[in-house]
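Undergrad: TrEMBL lists these features:
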DOMAIN    A:20-250  domain 'MacB-like periplasmic core'
DOMAIN    A:301-414  domain 'ABC3 transporter permease C-terminal'
DOMAIN    A:478-645  domain 'MacB-like periplasmic core'
DOMAIN    A:688-797  domain 'ABC3 transporter permease C-terminal'
TRANSMEM  A:21-43  transmembrane segment
TRANSMEM  A:298-317  transmembrane segment
TRANSMEM  A:346-372  transmembrane segment
TRANSMEM  A:392-415  transmembrane segment
TRANSMEM  A:435-458  transmembrane segment
TRANSMEM  A:684-710  transmembrane segment
TRANSMEM  A:737-755  transmembrane segment
TRANSMEM  A:767-789  transmembrane segment
Amino acid sequence: MLKNYFKIAWRNILRHKGYSIINISGLSVGIAACLLIFVILQFELSFNTGFTNYKSLYHVATKQIGEDGTTYNPGVSVPALDALRIDFPQVKFAALNSSYGSQLTVPGNDPNNALNDKKFSEDVGVFFMEPQFFDIFHSDWLAGDKSALDQPNMVVIAQSTATKYFGNWKQAMGKTLKMDNVLTLRVAGIIGDAPDNSDFPLKVMVSYTTWKEHPKDYNYSHEWGSLSSNHQIFAELPQNMTAANMDKQLVRFTAKFAKDKTKVTRAHFLQPLSDMHFDTRFGNTIGDHSTSMATLRILGLIAVLIIVMASINFINLSTAQSVSRSKEVGIRKVLGSTRKQLISQVLGETTLIVVFSVAIAVAIAELALPYLKNIATVPDNIRLFNAGTMMFLALTTIAVIILSGIYPALVVSGFKPILAIKNKITAASVGGIPLRRALVVGQFFIAQLLIIGTLVAVKQMNYVNDADLGFNKSAVLILPGYTDSISLGKMQTFKQQLLQNPQVKSVSFTSDAPSSDNNWGSNFYYNNDMKGATFGVFMKFADADYFKTFGFKFAAGGGFDLSDTTRQVVVNETLVHKLGVKNAGDAIGKTFKLGGAKKWANIIGVVKDFKTNSLRDAVRPIVILTQKEYEGQAAVKIQTTSLSKTTAAVKALWEKTYPEYAYSGYFLDEKIAKFYEQENKLALVYKIFAGIAIFISCLGLYGLVSYMAVQRTKEVGVRKVLGASVANIVFMFSKEFLLLIGIAFLIAMPTAWYLMSQWLQNFAYRIPLTAGVFLLAIVGSMGIAWLTVSYKALKAALVNPVKSLKSE
Amino acid sequence: MLSLQHISKYYQVGGNKNFVINDISLDVDEGEFVSIMGPSGSGKSTLLNIIGMLDDPSTGYHYFVDQPVHQMKEKQRSALYKQYIGFVFQAYHLIDELTVYENIETPLIYQDVKGSERKAMVADMLDRFNIVGKKDLFPAQLSGGQQQLVGIARALIAKPKLLLADEPTGNLNSKQGEEIMELFRKLNKEDGVTIIQVTHSEKNAEYGSRIINLLDGRVESSKKF
Ligand SMILES: Nc1ncnc2c1ncn2[C@@H]1O[C@H](COP(=O)(O)OP(=O)(O)OP(=O)(O)O)[C@@H](O)[C@H]1O
Ligand SMILES: [Mg+2]
């Protein structure tokens with residue numbers, strides 16, 4: 001019996017090749033898309049679950065409640081660590097201080113020639129770490145053990161890092177490693193690599209005590225008041241203690257030690273390790289990869305929508321097609337088939353098509369997998385097959401079979417045999433026309449939602465990427481440098497040598513690019529008023545050439561004059577306005593002092609507002625001032641005509657000047673584009689999936705119209721004989737669909753408007769939601785649908801009427 | 001075997017009832033061979049469909065092997081049908097998606113006959129109708145006469161007690177038609193199969209033991225031999 005079903009199913013697939021291709025291509029593209037999204041979700045949601053005890057692990061975080069609202073900081077002050085250990089003896093604590101970027105050097109044979117050294121820049125994964133860390137976070141020790149981190153100047157490195165530095169990790173033990181040309185470390189342990197789905201990309205772990213011995217170089221401060229996001233504490237709670245319980249005690253703990261006289265109230269609390277990856281309140285994780293749950297939810301929703309759309313095609317086509325099967329069904333009933341048997345037969349066909357589609361989907365997904373990293377932060381070596389994806393495929397297969405097979409099966413098996421045999425079953429008597437219309441509306445609702453979403457996202461990202469930042473970001477090469485005295489001493493000669501290259505327009509030493517995610521702030525005093533301003537200011541340190549290099553415009557006054565820069569500051573318009581000064585010119589000549597500074601300086605210029613951060617945030621009050629020790633990085637403005645050649649020359653010069661450092665220059669505009677990496681990826685995701693949605697819904701339309709064309713061949717013939725024009729006929733076919741799309745639009749427009757205005761809230765600078773976007777969506781979807789429909793309709797309309805009538 | 005009492009079938013056309021079958025009462029005993037004749041549109045096929053439980057009468061009582069069909073649910077009727085009736089359709093009604101072999105085999109599948117047994121029965125039937133060579137062809141590849149033969153073979157495969165045939169020889173040449181009639185007679189005489197056939201041919205009608213003439217949905221005359 002079963003064999004019989006599948007044989008018939010197979011023949012039916014072949015007989016109705018056109019519909020089968022439509023069904024299979026729609027389903028396989030849809031399932032492939034879902035499979036890939038599943039792989040992304042699976043990867044993201046698995047973060048930190050590699051630690052077997054992750055459910056009892058917590059991150060001790062800090063909440064600061066101030067006048068401007070609540071801010072979150074992943075760090076905890078250094079003295080809190082010992083205090084926590086005393087107050088909570090039953091809890092295991094471990095601290096680390098991450099370096100946000102360090103250079104590791106493997107010394108060459110010649111100690112006097114730094115050019116022989118092997119230099120490596122590590123953006124993430126370099127820590128000062130307590131040995132206790134490994135008590136609560138399990139790692140595989142390939143050599144040595146955690147006690148290595150008891151001693152100063154000891155370092156533990158991960159296997160692949162060791163291989164990278166020393167060629168073979170087995171030869172790394174006992175070797176010397178220099179860090180930032182400040183520390184000389186001995187390799188005392190090797191651990192296995194951290195898995196990709198860990199927020200702790202452990203690469204280079206220097207003993208915590210080493211940090212204490214170099215307070216200046218690595219900002220070690222044993223002050224309760226100082227809070228750095230680099231210094232983080234983790235805890236493992238004992239079985240009998242809940243996080244809520246500990247949180248309560250932490251309130252008392254914080255109160256006990258809070259001797260802070262500032263207006264900011266600080267509170268510590270526990271963040272479950274399982275939340276860490278998704279908690280966007282803290283900006284980012286130490287692994288530099290956090291993902292918002294909202295993004296994951298959107299992805300999941302898109303996956304479900306795509307599957308639903310593909311299933312709708314299936315339902316529409318099979319019910320429409322079922323009319324032509326009515327005779328077969330009727331005869332089968334007369335020959336003794338029960339309804340159950342007919343249902344199984346139809347489901348059997350569905351199963352065959354779905355299984356076939358899943359096989360193709362897997363092939364598509366496998367081919368697309370290498371490109372997945374363009375839309376999501378997944379590791380290069382991500383795999384398609386694992387227990388989870390297999391389970392997902394199995395469940396999807398079953399869900400799609402049920403979703404798309406049950407209804408047509410019920411319709412087909414419900415035919416009355418006598419009507420079926422007499423060929424009295426028509427599209428109208430099958431019923432389901434209202435349903436089919438509703439489904440088409442549903443499909444176009446989804447498609448238009450995605451189209452509008454895409455248009456808005458793309459427009460917004462174009463706006464953000466091309467926005468006038470208030471300074472010139474193009475062709476500025478940033479050379480991160482070092483502020484040790486030797487490096488600072490070489491600065492001026494380096495600058496002079498750079499300027500000898502005719503392609504170099506100007507060079508400025510600075511702490512920070514105009515737009516960056518740096519937020520180094522302070523309180524300040526204005527106009528000799530010792531009460532102090534009610535808001536903080538953010539600082540950028542730079543020399544006089546800063547303004548020229550970045551092409552700032554001034555609202556009043558000008559940049560530093562070379563003679564006396566230490567007593568001069570430049571502020572931005574936002575700061576002036578926040579102070580209540582109406583006219584920028586009125587601020588010129590007024591005095592200005594940072595909190596903690598001894599001398600007053602003069603405001604000599606007010607720059608027009610430039611974007612200080614990403615466009616997600618509003619412009620901040622800024623002061624630009626000079627302080628040589630902080631101006632470690634060079635900004636080099638280059639003639640755009642020979643970028644790569646000049647860049648190479650700059651690099652060569654840099655390496656000659658600073659042989660002990662690895663070159664890590666980058667172009668500012670590329671860095672700024674990175675601010676929006678997540679959004680740009682999301683915009684790309686929208687584009688791809690809107691494309692898929694349109695593809696699937698048009699496939700469905702195409703199928704329905706081709707079916708209609710077959711059904712109405714005779715009608716078309718008669719109408720043509722009676723004098724209908726080709727245009728009349730095409731209109732006859734398309735008017736219903738255009739109406740349905742119109743209805744879909746009426747639902748999609750407000751929904752999309754609501755959703756996208758929510759999304760735009762993420763940006764301080766955003767495009768307005770104009771009618772244009774919506775107009776484009778409706779015209780676009782109608783246009784595409786019309787093209788789809790009219791191809792088939794035209795074909796039907798152009799058939800010689802004599803031919804179509806004769807065949808009756 | 002079956003009994004129709006005051007059976008009518010009408011279609012509502014505008015406000016009028018348009019009677020296709022008008023108050024027909026008819027008893028058929030086991031072992032009878034009945035021929036139904038009448039002009040086109042007189043309701044022969046409709047009557048046969050009602051007897052075969054494929055169509056519902058508008059009013060009247062219908063008993064089959066002493067069971068009240070007019071009170072039955074679809075499922076029971078279908079079970080009864082499966083057990084007793086074989087149907088030869090005027091328009092053949094072969095399943096286009098199946099080969100000749102599979103078409104003949106299908107009723108056996110639905111009656112849960114075992115595979116090996118099915119094979120033997122179908123082979124026997126193909127042999128009997130001389131269509132072994134066509135067994136792998138699809139209906140569209142056959143002539144009208146050949147399709148009709150397949151339809152008859154399919155109706156007989158499950159060894160029905162009642163054979164309903166709607167113009168079984170309409171598309172056959174006279175020699176083939178005669179052979180089929182001989183076959184029907186043999187089935188009727190030797191195997192005791194009750195047969196009701198619709199035919200336009202006087203000659204074929206005379207194979208029956210009773211001839212019923214329909215006109216406008218009524219029994220115009222009925223004579224037994
Ligand atoms: N759905 C329907 N609506 C209205 N009238 C119908 C319907 N179906 C059948 N009829 C009518 O019923 C009548 C009897 O039809 P039937 O098929 O039983 O005739 P027949 O005697 O078998 O004719 P033929 O010899 O041509 O096969 C016809 O006049 C037909 O018009
Ligand atoms: Mg007839």
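Cβ coordinates are placed from backbone N, Cα and C, and glycine is handled just like the others.
A TrEMBL annotation is a machine prediction, not a hand-curated record.
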Undergrad: Could you please provide the mean pLDDT value for the domain 'MacB-like periplasmic core' (A:20-250)?
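TA: A mean pLDDT of 90 is what the model gives the domain 'MacB-like periplasmic core' (A:20-250).
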Undergrad: Please give the sequence-distant neighbours of the transmembrane segment (A:346-372): residues at least 6 beyond its ends with Cβ less than 8 Å from one of its Cβ atoms.
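TA: Sequence-distant neighbours of the transmembrane segment (A:346-372): 2, 5-6, 8-10, 12-13, 20, 23-24, 27-32, 35-36, 39-40, 314, 318, 378, 382, 384, 393, 396-397, 400-401, 404-406, 408-409, 412-413.
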Undergrad: Could you check whether the transmembrane segment (A:435-458) packs against the transmembrane segment (A:21-43) - three or more CB pairs closer than 8 Å, residues at least 6 apart in sequence?
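TA: No, the stretches stay apart by this measure.
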Undergrad: Look at every Cβ pair spanning the transmembrane segment (A:392-415) and the transmembrane segment (A:21-43), keep those 6 or more apart in sequence, and say whether at least 3 of them are under 8 Å.
TA: yes
Undergrad: Relative to the transmembrane segment (A:767-789), which of A:21-43, A:298-317, A:684-710 accounts for the most Cβ pairs at distances under 8 Å?
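TA: Stretch with maximum Cβ contacts: A:684-710.
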Undergrad: So, by DSSP, how many helix, strand and coil residues make up the domain 'ABC3 transporter permease C-terminal' (A:688-797)?
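TA: Residue counts in helix, strand and coil order: 95 helix, 0 strand, 15 coil.
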